[in-house]
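K.L.:
Below is one structure. I have some questions about it.
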Amino acid sequence: MVAAAAAAEATEARLRGYTTATAAPAGWKERQHRPCAATGAWRPWPRAGLCLPRVLSRALSPPPLLPLLPLLFSLLLLPLPREAEAAAVAAAVSGSAAAEAKECDRPCVNGGRCNPGTGQCVCPTGWVGEQCQHCGGRFRLTGSSGFVTDGPGNYKYKTKCTWLIEGQPNKIMRLRFNHFATECSWDHLYVYDGDSIYAPLIAAFSGLIVPERDGNETAPEVTVTSGYALLHFFSDAAYNLTGFNITYNFDMCPNNCSGRGECKSSNSSSTVECECSENWKGESCDIPHCTDNCGFPHRGICNASDTRGCSCFPHWQGPGCSIPVPANQSFWTREEYSDLKLPRASHKAVVNGNIMWVVGGYMFNHSDYSMVLAYDLASREWLSLNHSVNSVVVRYGHSLALHKDKIYMYGGKIDSTGNVTNELRVFHIHNESWVLLTPKAKDQYAVVGHSAHIVTLSSGRVVMLVIFGHCPLYGYISVVQEYDLEKNTWSILQTQGALVQGGYGHSSVYDHRTKALYVHGGYKAFSANKYRLADDLYRYHVDTQMWTILKDSRFFRYLHTAVIVSGTMLVFGGNTHNDTSMSHGAKCFSSDFMAYDIACDRWSVLPRPELHHDVNRFGHSAVLHNSTMYVFGGFNSLLLSDVLVFTSEQCDAHRSEAACVAAGPGIRCLWDTQSSRCTSWELATEEQAEKLKSECFSKRTLDHDRCDQHTDCYSCTANTNDCHWCNDHCVPVNHSCTEGQISIAKYDNCPKDNPMYYCNKKTSCRSCALDQNCQWEPRNQECIALPENICGIGWHLVGNSCLKITTAKENYDNAKLSCRNHNAFLASLTSQKKVEFVLKQLRLMQSSQSTSKLTLTPWVGLRKINVSYWCWEDMSPFTNSLLQWMPSEPSDAGFCGILSEPSTRGLKAATCINPLNGSVCERPANHSAKQCRTPCALRTACGECTSSSSECMWCSNMKQCVDSNAYVASFPFGQCMEWYTMSSCPPENCSGYCTCSHCLEQPGCGWCTDPSNTGKGKCIEGSYKGPVKMPSHASTGNVYPQPLLNSSMCLEDSRYNWSFIHCPACQCNGHSKCINQSICEKCEDLTTGKHCETCISGFYGDPTNGGKCQPCKCNGHASLCNTNTGKCFCTTKGVKGEECQLCEVENRYQGNPLKGTCYYTLLIDYQFTFSLSQEDDRYYTAINFVATPDEQNRDLDMFINASKNFNLNITWATSFPAGTQTGEEVPVVSKTNIKEYKDSFSNEKFDFRNHPNITFFVYVSNFTWPIKIQIAFSQHSNFMDLVQFFVTFFSCFLSLLLVAAVVWKIKQSCWASRRREQLLREMQQMASRPFASVNVALETDEEPPDLIGGSIKTVPKPIALEPCFGNKAAVLSVFVRLPRGLGGIPPPGQSGLAVASALVDISQQMPIVYKEKSGAVRNRKQQPPAQPGTCI
């Protein structure tokens, strides 16, 4: 019973379609055993919605076996008929085979079956994977209801799946997305209202679509009206999620009536519709109607005929007329419209009077497109406009700015071509017409995803400021572009302050009180291969052109909107997906609502709209009118057309100071003590505003971690977080710099024009090349600063020039000559950078100690040509703009220009011959800029786009090449259905696919099979109904030609067959007839394979779909080649090339394989070893060698051996070219099946002297891989040359003798030197020994005996006693008198005395010595003192 229960459980697990080892998506456990409401059956597939009957579940339980055992036993004892006996034998055999069969490790799902031979699942058409758990093909669904799913678990990488739901023509079908989780902006599910991708697109789902509530009203739902629906899913190779579970039904009310009504059949048609509950209206009962009876009779009245319900009395507003006028709290409302021309995204809107003008935008289908829309904010109705408003081509991602009843539209992406434009057009509201402006100075970037504002500067100029955006040629733009409305000119502003990073899809607002722009978020690239969303907030002051970094929001997003209400910037919606390798739950579409307090630099999160409807979106527009924000359109997988209205809290609704101060968040109110009124931020006085700022400053909390984010001095000191710069890093102001570092706390003190700071802000090669101080590093795809010493010591790189200021006192001509000595010339200060640098350097030099006593008025390269014309040394005219003449200048006496005091920025005219202090020299920078590759946007073919590197991506259906860091910015609404990189390009159209399987992998293709019954056909653009004819011309203007059904391209009457869901069973590629509908009878035309899809050995080509095979072209050096490419597998080592037409010259092989072969050149007297053991060597069966004798009077010996048998042929020729080209080789040796061979070739027999270029050829062939071969040629003499011997012998002997003499002499010198050193050390040692004097008494015979002391009469004593080590022995020295002559006089020449020494034993005499010493002490008083002496 336990086993049976386990079997039943395993069967049930297979029916569920997943096992416990398979990761189930979020939410499965809650739904996995939910009973089916309609049938009471069990639901084993939660995502699929499949219900199994109760009968089936009972059948899966094991039957009772005990009552049947006796019956079974009796049946076994009965004799079996022959047929039954044979069946039993067959069953036994099959049982034995089943015992040997392999079982699949995991159960097969989705209709797959386990193959007992391989132990692997065999999947039905459309399913792939080890368990058939992933979709991977096309499906056709015909039921009146059903489900669409990618399979259990996470979907597969690089997946393409297509579902065709076929119903009845023009019958309404509803698709309900119960679960959907894919990678945002990269993995899409497209829904078409028809039977092909050429039908109208109605949705492009991506990201995490999770209902905001548990109710049914927020789950996405798509309505299809044609009776057909095509769903196509594509995923890339980044990361995958749990996929989707979609149910469809032809008889279902919208959103199941949102749970607030009943679904009933319509009386007038066969459709169904909702009968809403009380207080609910709308097609799906999702609109509140007359809540709280509109507060009747005090606040309003219910209008049953109006979908809006309440008609509020004066002084009341909001849902149910529950909020007074002015509003004491904020609230949301929603207006829904069904006009097909309204849905759009990435449009722009402005308000003029009571009219909201909406211009441009992206739409799925352009049949009902209107370029300009007008919305009456008072009546909440859309207005009708003239058809002339559509005279401009469709675009999106542009900018709008309003000025005096004129709407200025700039940039954007042209939808029909995919190009980004730099057009500036003006829409005149009064006559509803467009005018194209042609600026005088065209120095602007073509951008998309930017913003623009028209402002009046303090100088009175009216300009349009274009902020950031993405340019396909220059990447993400970080500059501010200015258009002067009066001068009709463009310019790029040189801003100051923080170095900000521009991006795509940010929001920006202009605050009239602070005269500043506030820019938030966006999609940004921080290098060519690093990009992400941003949460930055920047402030740009329009008069000072100063950027300041404010507190970031910590909410990353792009394609959101912002407006300013009473000193508060309100931010709504956007795309918040910021995951790159795995999902962290960030959603594509957001309804986040945030507020930024301008005065306090503080963010707060506001409640999301509570509208009983999903309002998540991005790419919408937002405008402000009478403190009310209007949000229109956007994208949330579907294009939206509703209007969200947010009415903010009003300051004047608060009557007390406490309530006024506590107002918000979302509004900033100030209490006016004089009038005792609560006023908004815009109406506050300067004193009130400053007081508020000071209060906020005292309460603010600093985020010290933000300081670490700044990598340059400018951004570190131009922010609101109190940071300061310490040499090379930014730290909080309460952290001191370390010793030796300089602290910079103010922006003005930062070193200006440091290229290390701003080069890394450039994200493309072209933008990097615009600045001569930067260079592009192609390996790391980043912009880096040029080295500081590129100009040399003392020179400074400024732009593309090197400048140097000297202090020498000289006249103009000498200064010019001094510059020329450095290959320079006097500077032409024609750019702002040069002027600023020179003036700054002069100020620094003037303040330094070394030059403080000098008054520097340096010469510059400015001269007077005639009476009224001055020009620079580079011949450019002087314009008196960057530098200006001082008052009363130029004087008539001067013809040369000098700089006056640096603070004045002025010029003076001086006499050219007068010597003055200083000169400014200039020379070109001596570096060459690296050439940039062709920008991705200018590459028009896939091969060109993806060939060089991974920096570009090719979108196949859009036929566009984009930067890899701009894919999301280029296709924000899923326009790209499939992309390619790194040399992987598809055919340009369907006709390029040669097999049906490859054809049906493309969602827009179908297969037309010819009548030959061989599987031959053609791939054509088409739908389920048949082929379609593509338009012959591209879209022009706002006219988009659509493909039309053309069945004549595949006529069924002519026995052609159109396949759109599955391929025909016969797939023999036109090389064989099919038997049993699918088996190729005999592959002909040199083909082989299950479907005759490859060429036979020795032939190559593409035999698919009737293709031909041709012989391998290998020039006789190979018999096999790659069956697809034709690349030959050369059999001779040293021969290479696609057709074996080249020799490996780089490896010492030479020859001509077109007329002969290749040979390895051997050196004489060297042994060579060739090991052919690599996988690339498996086709080699031959190798050839060539050798030429070095000596003409010696024989040539050779030997060769190998690890395997081989054939050997040796020939010779009079020269190498003769042997390879004319065939004049003479055979010498021919051996077969040998392993070793030796031979000698006589110089006399082969006449080496008369054939100086004689060459021997060795042909080794017929061996097998792997093999090791050794070969050598050598020349040795038979008789030794005696003369040479003796010459060599004596030369060696004399050389050795000379070496020995030199060594002996060196040794003697070393010995003598060492001996001298030793003697010197001995003398020093002897001189350092202790010494003393001794008295000697010489007795003579005439001396009276009494004159000699008694002590001398004792035993003679030694003059020295030198103890040895251990005091056992000593050296005793005494005076000895030598024999004397007559008179006691020694002989002449002699002293008569000698010193005698002897080694004596003192071990036994030491006590006596000590005794004598003690006796001497006792006798000191008895005897007079005497000198120590010795008696001889």
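Just so it is clear, glycine is given a Cβ too, placed from its N, Cα and C backbone atoms.
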K.L.:
Please work out, from what Swiss-Prot records, which of Cys1130, Cys1143 forms the disulfide with Cys1140.
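P.N.:
If we follow Swiss-Prot, the cysteine bonded to Cys1140 turns out to be Cys1130.
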K.L.:
Cys1092 has a disulfide partner in Swiss-Prot; which of Cys1083, Cys1109 is it?
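P.N.:
That record, Swiss-Prot, gives the partner as Cys1083.
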K.L.:
In Swiss-Prot, Cys114 is paired in a disulfide bond with which of Cys104, Cys132?
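P.N.:
Checking Swiss-Prot: disulfide partner of Cys114 resolves to Cys104.
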K.L.:
Going by Swiss-Prot, which one of Cys123, Cys161 is joined to Cys132 by a disulfide bond?
P.N.:
Cys123
K.L.:
Quick test of reading the record: Swiss-Prot lists a disulfide for Cys1112. Which of Cys1109, Cys1121 is on the other end?
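P.N.:
Out of the candidates Cys1109, Cys1121, the one Swiss-Prot links to Cys1112 is Cys1121.
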K.L.:
Look at every Cβ pair spanning the domain 'PSI 3' (935-986) and the domain 'PSI 2' (758-797), keep those 6 or more apart in sequence, and say whether at least 3 of them are under 8 Å.
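P.N.:
They do touch: at least three Cβ pairs between the two stretches lie under 8 Å.
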K.L.:
Which residues, given as numbers and ranges, are at least 6 beyond the ends of the domain 'PSI 2' (758-797) yet have a Cβ under 8 Å from it?
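P.N.:
Non-local partners: 473-478, 499, 501, 525-529, 711-712, 803-804, 837, 841, 923, 925-927, 929-930, 932-933, 935, 951, 963, 965.
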K.L.:
Using DSSP, how many residues in the domain 'EGF-like 1' (100-133) fall into helix, strand and coil?
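P.N.:
Across the domain 'EGF-like 1' (100-133), DSSP assigns the residues as follows: 1 helix, 8 strand, 25 coil.
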K.L.:
Would you mind splitting the domain 'EGF-like 2' (249-286) into helix, strand and coil residue counts from DSSP?
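P.N.:
When I sort the residues of the domain 'EGF-like 2' (249-286) into the three classes, I find 6 helix, 13 strand, 19 coil.
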K.L.:
As a test of reading the model: what is the averaged pLDDT for the repeat 'Kelch 1' (355-405)?
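P.N.:
Its mean pLDDT is 93.
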